[in-house]
Structure formats: C-alpha cells, structure tokens
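Q: I'd like to ask some things about the structure below.
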C-alpha cells in the first residue's frame, strides 16, 4: 500500500468562515472548490450544523464538508482535521508491505481510480465523534469498500486531533468487516502502524499494549516502522532504556534498523544525558557501516548520506549533553573535558559554532577550564572567533581569579583579532583593578607599578582609581620616592590627582620624614583647588607636630571645622604619635588634655601613644597614672603599654604599686595587631 501524504492546500479557508459562502468569485478562493459550487449539488442540513452548510462533490460517494463559524467551540476540532485532510485522497493500489514512507506521487491533490473520488477530509469530519464500532458503521456502512489508504490517513488525522477513541473504533470496525466479508482485506500492517503513530501523537500510551496484542492475534508481524514507532512511544513516556532494549530486539527479529532507528536510539542517550554511551553507539554503527554490514541489501536508502547525517546528529547530541552537564549544581568540568577528548579520539570533527555555544554555557568559576580549552581549540583551528565569546571568556577567567590568563586573551585580541571593543577594555581594566587592589592591601608596591606598566604597554589607560591603588601601596610600604614617581607619572599621563592621591603621597612623605616635600605637595593641593579632607589635614598636623611647629598645628585644628571637616580622635592621635616619636612628652600631654576640652573621647591608641611619649620624656609616674586611668575607663590597653609602664617604673625608681596595674594583658595574635598610628587607622578606613 502506498503511503498517503498529508500536505496543506488552499481549501481550508471555508472551514473557518463566519458568513455563508456566495457564488460570486473573490480573490484568494480556490477555483477547484468553486467549480463544485457551480455544479448545483443539493444542500443538506445536519443536526450538527449551525444553520449553514456547503456541499462538496464526492461523485457516487454522498459525502459533505460542513462549514462552521469560528465562534463555535467545535472549531477547535475542525482545525487539526482540516490540516490533515486538506487534500482529497483517491483510491489507489494497496500494498501491505509498505514501510510508511511518503512517495512523491502521494502529493497529488486529487487522484482518480475506477471512477471513484474520496473526500477523506469530509469523511474524517463525519467520524470525529465516533467512539464505538456502531458509530463507525453508521457512517461507513453504506460507503462500500474504500481503499486502506483512506482509513490509514484518517487514523493519522485522528492522532493529530487527539481523538484516540475514533481511531481505535475505526480499526475495530475494520477487523469486524474483515471477519464478516472474506473479500475485505481488513486492517494490515500499515493500518496498525498508523494507529500506533496516532497513539504516540495523542499520547494514548495505555492502549499500546492492547494494539500490539491485536496485531499478534491478527497474525501481523511488526516491521521496522513498528519498532521505530514503539521506540518513540517509550521516549515520549521517559522510558529511554526500554527504547534502547527495543533497538537491540530489532536485529533478533531478523530486521535491519533504519536511519530513524539509529536516530531514535541516539535521542534516547541524549535524554539520559549519557554522552559516552551515545559515542559508543555511534562508533559501533560506523564500524558496521564501514565494514559493509549496514545497507548492503537496501537500495532504497542512501546510507552514505544517512551516515553523514548521523555523524552530525551525534555531534549535536554530545554538545547538548555537555551544556546540560554544565548547568548542573555539581562540578562536571572533568566530564566535559573527558567527553571532548573521547570525541577527538573517535575522529568527530567539531567546529567553531559548537565550541562557542558550549563556551556560553560556562558561567561558574569552575567552568573556566572548559572555556579556556574551547577557546584554545578555536584559535588553533585558525578560524574566526566571536568578540562576544572572547569577552565572555575574559569575564569568566576574572571571575575565577585567573587575571593573567584573562590578560592573555586580551593580548590575543590585540595581536590576532577581532579588535577589542569597549566591553573588552572595561573587563580587562576591572581585572587589573582586582590585582591592583590586592597590591594596595598588601602594600606590594613593586607589583602595583608593574601592573601599571603592563596596562600602558597593552594600550590601556589607567584611571585615577588605578594610580591611587599604587600610591596607597607605596604609602603602606613607606616608599616615598616610589610614591613621588607614580604621582608624577599620573600627572604626565593627563590624570588629575584626587584628594586620595594627595593623601597617599603625603602619607608616604611623612613616613619618609620628607617634611619639606610634604609641605610643597600640600601647597600644590591648595593651589589646584582640591578640598582637603580629614586625612590630609591629619597628615599635615602630624608633620608640623613632628617639626615642633605647634602653632601651625593649632591653626590646622581651627581651620578644619571652618572647612566643614570634623576633628576626630584620629587627628589628635596623629599629633600625639608625632610628639611621641620626636620626644615631645609635654606637648603630647597637652594635646591629650585638649581632647577633653574638645569633648573628644580618647581611645586605646591615644593612651598608648601618650604613655610612650611620657616615658621618653622621663615621666614614669605620669605614665603609670595614665595607664590606670585608661583601665578605669574600660579600655583594653596593649601588652606593649603595660610593659612600657612597668619597665619605666622599675628603671626610674618610681614609688608606685605595680599590683594596681592588674594582670599583664595577653599578647595579641599576629593577624590582630592593633594599629598604633594615624596612617594605619586611615588606610584601614580607605580599604573598607
């Protein structure tokens, strides 16, 4: 039996009109349809009709196509059937050995045989509500022997329309008709294959076992189309392993798998996300094909072409599985890399498109290994690469803290192309910022300078944030000369220094005791119109205090509130610390007393710096009293302050009761050392 193709035509429009058709010709109407109008057939109204009907010529078979308005609920059933039966299938020669493949001759809109013409669409419409054999007999009982192609076409249409009961009732009617009439062939293999296909499409899976039992009782053996359909049914139910078991059963039944069989089996591996199983399956097929075990007796299939298609299919499946692996919660990068290696080993050639799609699936930090490997493969193939993919790899490497590897990608863009865009620039600059921030926090100033040099070497222009990171690193490392060089380069490169730039440079100069240079920088800051902040004022107060110029220190303290800058304990601690370093015990005590006048609460740093200043100034008794005062205020003074007071009292012969000092405080852990100068206090604030 030849398979009957179902293809769209222009005759569906009349099924969805909301007004009665007229005999006048309009643009867009099917001429062959209106030839039937002019033939003058009788009008018949059915109980299902809403008031409008239209006859269609069916020769001696008295069939009608009913027209219905869109607003009626039954139209939801009309459309699928109309799509399936937009052609009229003619009576043709039956072939019980048909494999179900569409033939070119099936594409004819209307075919005549023995003077009969069958409107399968109208016939299916009349059976749309059939649920029992009796319902089918009512419609088909007086139609005579129709070709089996008509029945199989209607069955497939019922599957599309989700009318499983109608399809089964029609097959049951054919069985009864066969037993009642010896001349009637009854349902054959093609009919049953069509029914199985309808059950698959309508998801009527509970009826499949019964249909297979009926086939056995009718003495019909499954062919390869049957097995392919059953495999598809198992896949639709999520039974991938059963589908693969059916594939193995095909050869035990003396059948040869078709290309659809191999494709369905590969799809089962895809559903199970078993990339290695899919590759093993494909390699087994390829070996058999190359050895001539497949397709040697099948002249109807171009196996050379099908082998190429299967190779493309297994490649797509493998990459789909790898993308699925990459979105899982657990780390599957090793599986992805292993599958890529196996694909190389079996000789599957992949290209840029597959690699780039897989790169886009890499989004987590642990995916950077896969992205880097795929990027390398694209570059080694000497093919073009998408700039957006390169940017994605740069972003991912930065996310994984592989900044130098990201810089290598950027260098490739400069050397090999494509030309980097603003996104590339911003990404790589952000990576440099991570590195410069690390250099700043750890005070690794040489590393910071090297990063700035690297940026400029690659055509990247450092901004104030990058320059300031290196300046702060120089300040933390007390590298005054390096800070001066970086500050100078910053200006030479057209970057305007910010207050953070000036503050970091002033801090470095103060630590290097380059007080005159610091004063010049301060004057430059004022000249450039940069408003000093608390840190800049504090550094200058510390510098002038170290020089003993306490009148200028006083003017700075007075100027700060006028400029809208709050005077805090940090500023006073800086002044007291400078006094302690330069043996100004008396002024240190005076500035400590000034804090109380200004209603600024002293902290541990205040007391510890004052104690050091008093001891250096030969006042152990006052230092002892300040230690007790700090303890009474509930402050946790350091071990160093305690030891300083005790050693000064013993060495100086002071008459004090050391037992009143209490127990010696525990030594702090290395990572929790207290900050004991204003520069460290401020740098901590900046870092936060």
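The backbone N, Cα and C atoms fix where each Cβ goes, and this holds for glycine too.
Bear in mind that TrEMBL entries carry predicted annotations, made automatically and left uncurated.
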Q: Labelled region 'Disordered' by TrEMBL, one stretch among 1-31, 32-62. Can you tell me which?
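A: Matching range for region 'Disordered': 1-31.
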Q: The repeat 'PPR' (498-532): which same-chain residues, six or more beyond its ends, come within Cβ distance under 8 Å?
A: 464, 467-468, 471-472, 474-475, 478-484, 487, 490, 539-540, 542-543, 546-547, 563, 565, 679, 682-683, 686
Q: If I take every residue in the repeat 'PPR' (463-497) and average their pLDDT values, what number comes out?
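A: Average per-residue pLDDT within the repeat 'PPR' (463-497): 94.
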Q: At a C-beta cut-off of under 8 Å, are there same-chain residues at least 6 beyond the repeat 'PPR' (223-257) that contact it? List them, or none.
A: 99-100, 189, 192-193, 196-197, 199-200, 203, 205, 208, 212, 215, 264-265, 267-269, 271-272, 294, 297-298
Q: When you scan the chain for residues with a C-beta under 8 Å from the repeat 'PPR' (463-497), skipping those not six or more beyond its ends, what do you find?
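A: Result: 429, 432-433, 436-437, 439-440, 442-445, 447-449, 451-452, 455-456, 504-505, 507-509, 511-512, 514, 517, 528, 530, 679, 683, 686.
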